Every structure is written in C-alpha cells, then in structure tokens.
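These features come from Swiss-Prot:
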type	residues	note
SIGNAL	1-19	signal peptide
MOD_RES	Q20	pyrrolidone carboxylic acid
DISULFID	C47-C103	disulfide bond
BINDING	N117, Q168, D177, H211	Ca(2+) binding site
DISULFID	C156-C170	disulfide bond
BINDING	R205, N307, R342	chloride binding site
ACT_SITE	E244	active site, proton donor
SITE	D309	site 'Transition state stabilizer'
DISULFID	C375-C381	disulfide bond
DISULFID	C417-C440	disulfide bond
DISULFID	C447-C459	disulfide bond
Amino acid sequence: MFKFALALTLCLAGSLSLAQHNPHWWGNRNTIVHLFEWKWSDIAEECESFLGPRGFAGVQVSPVNENIISAGRPWWERYQPISYKLTTRSGNEEEFGDMVRRCNEVGVRIYVDVLLNHMSGDFDGVAIGTAGTEAEPSKKSFPGVPFSAQDFPPSCEITDWNNRFQVQQCELVGLKDLDQSSDWVRSKLIEFLDHLIELGVAGFRVDAAKHMASEDLEYIYRSLSDLNTDHGFPHNARPFIFQEVIDHGHETVSRDEYKDLGAVTEFRFSEEIGNAFRGNNALRWLQSWGTGWGFLPSGQALTFVDNHDNQRDAGAVLNYKSPRQYKMATAFHLAYPYGISRVMSSFAFDDHDTPPPQDAQERIISPEFDEDGACVNGWICEHRWRQIYAMVGFKNAVRDTEMAEWWDNGDSQISFCRGNKGFLAVNNNQYDLSQELNTCLPAGEYCDVISGSLINGSCTGKSVTVKDNGYGYIHIGVDDFDGMMALHVDAKV
C-alpha cells in the first residue's frame, strides 16, 4: 500500500510539473508580449484592436496589487507591495477583471507579474499605498494583508551572492523578505493568487523566484486552484508558471532547482543573443542555439531579447535604442525553434528610474498612435513595429516545424528554413548578402514580411520568387533599412 501511495504521489507531482509548463495558448499562437506599465483599460483595447488580430498569444502585465507610492513614481514602485488589494496606477479590480475577460474573449491570455518574495522596503514613517492603505515597512507592519514582524525572518543584508542563506533569507535590495515557510504567509499568498485565477488569468510570472526556497514555492503552486473554466480553460487546467531566476551558470542557487516547477527565465539567452547581434560573436555559431549553448530545455525556458530590468543595464543586452540590431535579434528569436517566446513593449527612458509616461498629476497616460500605428507619446511599443509583429505571425505560421537547411557564409550572414513553411535570412556583416538560397517553400512568389505586408494579394515590400526546387534569390544590402528577410506560407502572393 505504501509503495502504491508513493507511486501515486510521484505521478501526481510529475503531472503537476508538466501542467505548470502549459501556457494555454489559443490555436497556433505562441508569443507573449510584456505590456510594461500599461493601464488595464488600454490593454483591453489593445487585445481587441491589435494583439488578437495580429495573433499574439498572451500579455504579461505589471504587478496588480497595491504598492507603495514613491516620489516621482519610478517604475520600480510597482515591485514594493503593501497589500493584495487590486488597485494600482494601472487601474482597479473592476478594470482588471474587465481586461482579463475581454482579452480572453479574443484569444489573448493574461499572465500576472506576482511578488511572493517580499513586501515594500523601508520608508520614513507611515507609507500610503495606491489603494490608500497605510503601512510601516520599517516595523514590518502591513495591516492591509495583514502581515506583522512575525511573518518575516530577521533582517539581514545580502553581501555574498554565493551564500544560499543570504540569497534566500536576507532582504533583496532592502525589500522586507517574507517567510514563505509560514502557514499564515502561505495562506495569504495562495489567497491572492487564487483570486487572480478566479478573475480569469492564465498564469504568473514569479518575480525574484531564486530568493525563495523551491520547496516553499512548490507548496504554494500545488495549493493553487485550477484555472477558471468560465474563461475558456479546460477542466483541471493548471496555471502557467514562469519564474525569474537569474543564473549565469555558476550560481549557488541554480535555475535547475526551479525548472520542474514551471518555466524559468533564461537570462543567458538574452545576454548571448545581444552579444551575437552586437557583432561580438559571428552569427554562424547560432546554428546550435538553445540547449547546444547550455540553455534550459526548450519547454522549460522563457526566452527574451530584453526585459524591463536588463534593458536598463549596461552591457551586451540589446534594447530599443539599437533598433536595427534589436529587430534582427528579435526576428531570429521568433524564427528559431527554441523556448517560450516573450517580446518586450517598453516606454522611453533616460535613466534607470524613469517613470512610465504620466501627466502632471502623475497618472499614467494612454499610448497614442501615428497613422502607421506606432506609438508616439513616450511609449515605445516595440510589439507594434512591423518587423516584430510580422515575426509573431511568422512564428504562428511555422509552429511545430523543425529547423532545416541552415546556411551561413562562415561569418554573420545566415539563413534557415522552418520545415516547408518559413524561411529567414539575416545579414549582420558590413557587406551585401546576395545569394541563391534554399527557402524550402513551395514554388511561387512570397512577400517579405519584414519590409512590407501582404495586402489584398499585393506585397508592399520586397518579394521573392521561389523556384520549383525551393531556391530563391535573396538580397539584403548592407544599407537596407532592415538586415533580415522573412518569408512564410501565409504571405504567398
């Protein structure tokens, strides 16, 4: 009997782990966009007018629960919670619920950035939150939950990042570290997440996961409710979990401790793709991209060119400020068959603390668009760049196909096919790419979705004629606006 019970427990644990890697996408959709700091009402409209029609699979939204109000309203105040009331600068609970419903109705899932590791950092005196709740972080007093000093371990500072105790028990940049082994703390975190599940979300991005013991997170995840079938999820569907674990390869707390609980953010993907497209590595080395580079298995890796944190850091990571290289890197990211893909949608920043676009009363303003649909009032909206949303469509068109017919020039001109459904060529050299290449596509004329769009049977950009043998003439000039070309079966003229 004991052996049967043990086997059943192990079986259930394994099935739960696999379930938490399922993002619950509609149809062939398979790209998440992070609409960083957007208001809920604007996200709802964006789902209906742009994301749904363009085939995006889901949205990662900023933290939804009440946070401290910081002077100047820097973006990071959202990561300093003081209660689990659903009121932030992005909107209130009613607006959040309306957004989730409307996005689900057009096939766009919602994933919430959740803060389970900590509460707000120190604040002089009594802090006021975005829902009007008072707290005294310096005394570890958060009556809006309520949490008190007994719900936190003794305060200490992380001075040694190779010390597991410090990494998981001390305060990350001064933020009050919760005790996730406490029954009370666990119950409040589970209650918060279950409320979001009830409202229709598909899953969670778990902030600062490496600063929590994996066994505590496993308990919390296992205790969550199934997804809400009223929002189109099947019975017994588990929330998709992806966890922020920064692991450069030799960390005391490893990504491998979390990968079976859900997907894990693959930060080395971001760093290495930046290195390659900045010219520090030849693109020919990308043929073995993914696990060949020591990355996590594809189904366990949440992949991205940049995120809201590392786009603000110096180093190899690309961001919107290097648009030509950024678009090439994103095209490769979305074309190569590896990982669970997320693209960034930023606002403009001049320094690390720049707040989102706001009015004189420090209220977040809605994005505005020009005649081409690009954002113009402080929002960058990379997801609305044609070269990026076109590659979201490419990724949908080639889903479940393998990479084939890799070609390179021995340096930084590359091409490859996705089965017989798609083809990507990239030129990151300082001279033209002019070559007959195997596109693997059926014979015909194809619109390059990077330089233009297929509208009413006509291509507004470059086109390529594919011969009966699958070959076509590919030209990407060194002075072309974009350094890549993408063809797929849904863009056949």
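Cβ from N, Cα, C; glycine included.
Since we're looking at a predicted model, the values are computed, not measured.
Overlay of Swiss-Prot annotations on the structure.
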{"residue": "N117", "record": "Ca(2+) binding site", "DSSP (3 states)": "coil"}
{"residue": "C156", "record": "disulfide bond", "DSSP (3 states)": "coil"}
{"residue": "C170", "record": "disulfide bond", "DSSP (3 states)": "coil"}
{"residue": "D177", "record": "Ca(2+) binding site", "DSSP (3 states)": "strand"}
{"residue": "R205", "record": "chloride binding site", "DSSP (3 states)": "strand"}
{"residue": "H211", "record": "Ca(2+) binding site", "DSSP (3 states)": "helix"}
{"residue": "N307", "record": "chloride binding site", "DSSP (3 states)": "coil"}
{"residue": "R342", "record": "chloride binding site", "DSSP (3 states)": "strand"}
{"residue": "C459", "record": "disulfide bond", "DSSP (3 states)": "strand"}
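C447 (disulfide bond) and C440 (disulfide bond) are 15 Å apart (CA-CA, integer value).
Our reading of the chloride binding annotation (R205, N307, R342) yields a largest Cα to Cα distance of 12 angstrom. The Cβ of C170 (disulfide bond) has S155, C156, E157, I158, D177 as same-chain neighbours under 8 Å, each 6 or more residues away in sequence. On a Cα basis, N307 (chloride binding site) lies 19 Å away from C375 (disulfide bond). In the three-state DSSP scheme, C381 (disulfide bond) falls into the coil class.
Separation of the C-alpha atoms of C47 (disulfide bond) and C381 (disulfide bond): 14 Å, rounded to the nearest whole number. The Cα of R342 (chloride binding site) lies closest to that of C381, out of the recorded positions H211, C381, C459. Across the structure, H211 (Ca(2+) binding site) and E244 (active site, proton donor) are spaced 10 Å apart at their Cα atoms.
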